[in-house]
Amino acid sequence: MAVDDLKVKPMKDQPDQKSNGKKPKGLRFLSSPWWCPAAVALGVLCLGSLMTIIMLGMQLLQVSDLLKQQQANLTLQENILEGQVLAQQQAEAASQESQRELKEMIETLAKRLDEKSKKQMELNHQYLNLQEALKRMDNFSGPCPEDWLWHGKNCYLFSSGSFNWESSQEKCLSLDAQLLKINSTEDLGFIQQATSHSSFPFWMGLSRRKPDYSWLWEDGSPLMPHLFRFQGAVSQRYPSGTCAYIQKGNVFAENCILVAYSICQKKANLLRSE
């Protein structure tokens, strides 16, 4: 083969694709008459989408800021509410403490008032008793009538006339009294001292009679043992009875029909302290 045969043929010798009236397949869309409007529409769509995204992003930011602000407001309101609740709880606790202290104070005052009322009532009672005692003292002439001797709880009258025992008993009864009755060594000492300076005998309210001849006082009570000892003969018994008398502080027994002075006795009119 010759070298000339290897030379490249000029382009004109090659078949022209344009001349054949055929277009390349890859460039068919670009040459379409709808390409430009479609591109514009797509761009507008993309721009609208971008604007929508931007607007949505801005709205999202606004919503986020609003949510943050609302959250902050809620937190602030919650803190305020917690403070108010705490303050209310503290106020309730303080109120309860004040009520407790006030209740204790009222109870203390009521107790003091009750004590003062009781004391006032007691003072009023004492005042009334004092007034009553003063009234009694105004009308009080003494524990014993005139000419009577006062000793302890009793009054004693030494008679100025002599009678037998029964008549002496009647005289004492007429004075709302009885013949002398000795119940204690203290009473005995007073009578012994009162009669020690007189030589006259004085009937006592002590006698013994049938059937057992026991020594009995007018009211029927027996003589206390060892209270005093009889002087002289005491064993003799008389039909009219044996009666006791006291003379110069000593006690004797004699026939009741004999005459002697007497000692009457009755309760003293003592003021009673109430």
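Think of each number as a place in line: the chain as shown, counted from 1.
In case you wondered, yes, glycine gets a Cβ from its N, Cα and C as well.
Taken from Swiss-Prot, the feature topological domain 'Cytoplasmic' applies to 1-31, supported by sequence analysis. Across the topological domain 'Cytoplasmic' (1-31), mean pLDDT in this model comes to 48.
The feature transmembrane segment is assigned by Swiss-Prot to 32-54. Under 8 Å from some Cβ of the transmembrane segment (32-54) lies no Cβ of any residue in the same chain that is six or more residues away from its ends.
Among the features that Swiss-Prot reports, region 'Neck' is placed at 55-150. Broken down with DSSP, the region 'Neck' (55-150) shows 84 helix, 2 strand, 10 coil.
Positions annotated as coiled coil by Swiss-Prot, on the basis of sequence analysis: 84-139.
Under the heading domain 'C-type lectin', Swiss-Prot lists 151-265.
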Three-state composition of the domain 'C-type lectin' (151-265), taking helix and strand from DSSP: 21 helix, 39 strand, 55 coil
